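Copied over from TrEMBL:
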- 1-76: region 'Disordered' (REGION)
- 10-21: compositional bias 'Polar residues' (COMPBIAS)
- 42-51: compositional bias 'Polar residues' (COMPBIAS)
- 126-145: transmembrane segment (TRANSMEM)
- 157-176: transmembrane segment (TRANSMEM)
- 188-207: transmembrane segment (TRANSMEM)
- 324-649: domain 'PDEase' (DOMAIN)
- H400, N401, K402, C403, H404, D443, D555, Q606: AMP binding site (BINDING)
- H400: active site, proton donor (ACT_SITE)
- H404, H442, D443, D555: Zn(2+) 1 binding site (BINDING)
- D443: Zn(2+) 2 binding site (BINDING)
Amino acid sequence: MKKQKIGSLQAKSDSTLSKPSNSHKKNNLKAFVHPKRGDSQKWPSNESQVMSDKEDQQDQANKTEMALNPQKEEAKSGDIVPIPEEGIERALNSKHSSVSHASEVINNTSNEVVVQQLERFNAGEICRFLVGLMYIVIFIFVFATEEEMYKNHAVTLTLQVIELVFLAVFVAERLIDLFVKNKNPFSIYYSGVMVPVILVLAVWTVLDMIDEEEFRELGAYRFCRVILIILKFDETKFIIHSHCGKYLPRILNDIPELGKGDKELYPQGSKFKTVPTIHQDWVSKCSKEDHFCINSSVLNIHKRRDSYHIRHKIKDKVAKYDFDKELLLTRKTKNIMQNVGKFEFDMFELNKATNGNELAILSSFLLNKHNLFVTCAIDPSVYTNFILEVQRNYNEVAYHNKCHGADVCRLSYYYATTHGLMEKAKLSDLDLATLIIGGSVHDLGHQGVNNSFLIETQHSWALKYNDVSVCENHHVAAAFQIVKDNKNCNIFQHMSSAEYRDIRKKLTQVIISTDMALHNSHLTKMKEILGDECFDIDSQSNKTFLMEMCLHASDLSNPTKQWHESQKWACQVYEEFFYQGDIELELGIPVSAMTDRINTNIATAQLGFIDFVIKPTFEIWSQYLSSVKIHLDTLVANRKRWEEMEDEYEIIKEKGNKLLKRFNELAQDEPSNGQQNSKSPSQGNTCIIDDLVDHNIDVMESRV
């Protein structure tokens, strides 16, 4: 059959050689000597030689004989001399070239082969192709609309049943290929890779339908499904190629028979151009496109997506999570936490009630209070691990410790909720979570010295962050390093990619905004906002700035608190300042402002700090949030108290400014002197009883 077809093709092509111009060209080719042999003869023209009638008749007889006897033609084909490089294009474009009818040959031959290939495309292969294509399309669509698809439990169950049906069909295909047909050379390959993936997906889907535990949160389910989609895509491509792509090499292998093959037409080692076949170009192009398409689909599908299904599972976890037990919430702690959204809140009292776990307990309590674990897709147990690790990584310095971190966390929440920043700035739940987490970690790892000291001493932090917001950059990096180093602390693992990018960007900005070097720029921009009638609150950058201002005001709010609390915070602040001054004095470098233990009266220093920093800040802050005026009124009252105590703190200065001793005295005198106690009289006896009960419980637990 093949020889008859080749003979018919050669007969068609040889019929074109009956024209005189072709015989002229043939004689010209025979007369041509390759330049490599030393002959520089130019390409002869058709007009330079004239054939005699006898030669023409002889040539016509030879062609007729070759058409009738193809084997003889093959024997004579060795007389054809290769066409030089500059003559290929002219030969292919010539009207009288034997290759000019190649398109006709391709059409005639391809029609026959396509018919033969389509006959092999039976109903089973068509069904197999369609099932694979349907699976690819359906579940890529599910990936794209996962949030909407999983909102309805009935839709979720339907999708799971559909997937189980697909998986059953795929297993049946594999079994038929291996044990019935056994003709596919890639059956073992596809079965070896595909069957384990199908089994994992099937078991995973059944377990998820039972809904005993979480099975789809960590991304492994999506990964297995992506692998199966890629395998089905590759198998579908193989089916198409094996049934519809084989005619191309057959056609192109038949065409060179006219010239005795590519190897004889273009000998190896020659400098002549080898025109690539259509099949080679097509295969090369398809392989590149397929490689690109598979990679791009994997990149898109592997992105974390906002999944209602995940939030549903976290909601169940929150419902089952015993916060009282996990956070060790005593009755006294609960009573204190009831005032978390009020002005009268004493962080030192919470520190005592929680045995130094105020940061972990307060932060987790606030997130749970507003259901942020569910809305922001944060696993409560993972967050507990994270915040406990944050609490452990705070240093035991005088002021910038975990107690201060808990205080700023509480105040950020307080300004956002009690004073209405969320409503006025149109903040989202993710923004509120950012303020709570940002306040918790905003001084993580602080060493008790400021940025100027680190820059002056060329500390490694200063070198790492190029003297720009040195401490603040480290606090952000340290928080994310905890998330990265310990998978049990990865509070962002269930967030979508967009949510993670958003919260990382905002956490970085709000924490760096606590750098006092940015204080004046914050006030200037806040004044512009107050004077701008066209202020766009829907702008994301404006929302972020208001969050920055909220955290910055919370960080500076100590002088605006109740007097007994404000005075204790001041003692801690200046004790840390003096610690830095002592080191500077020891190192022989200039002592910074307000860090000189010998010459600083903290009452006088507080008056200057209030007048030039705190008062302008809260005047502007209270203009934006009118209810903040309560803090401004308290600030004015506290300033008068500092004026009255200048002489007392002058004596403390002369005794060496031992402010930790002063702090302990204030903590002991507070219950007896009756100064603005945060507890109401009606709560006094109850709290005493609670303390006794909690003490007895602690004693019993310690004995056990």
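Even glycines carry a Cβ here, placed using N, Cα and C.
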Inset, instruction - Just name the winner among K402, H404, H442 (the binding-site residues) by count of other CB atoms within 10 A of its CB. - result: H442
Legend entry - Sequence-remote partners of the transmembrane segment (157-176) [C-beta within less than 8 Å, at least six residues beyond its ends]: 128, 131, 134-135, 138-139, 142, 149, 187, 190-191, 194-195, 198, 201-202, 205-206, 208-209, 228, 232
Legend entry - Cβ neighbours of H400 (AMP binding site) where a neighbour is any other Cβ within 10 Å: 24
Legend entry - Fewest-neighbour residue among binding-site residues, criterion Cβ within 10 Å, set D443, D555: D555
Inset, instruction - Please report the number of other Cβ atoms within 10 Å of the Cβ of N401 (AMP binding site). - result: 21
Legend entry - Arithmetic mean of per-residue pLDDT over the domain 'PDEase' (324-649): 94
Legend entry - Pairwise CA distance, C403 (AMP binding site) versus H442 (Zn(2+) 1 binding site), rounded so that it is a whole Å: 12
Legend entry - Distance [Cα-Cα, Å, rounded] between H442 (Zn(2+) 1 binding site) and D555 (AMP binding site): 9
Inset, instruction - Would you count the other CB atoms within 10 A of the CB of C403 (AMP binding site), including those on all shown protein chains? - result: 18
Legend entry - Cβ-centroid neighbours of Zn(2+) 1 site H404, H442, D443, D555, 8 Å, sequence order: H400, G405, D407, V408, G439, H446, T514
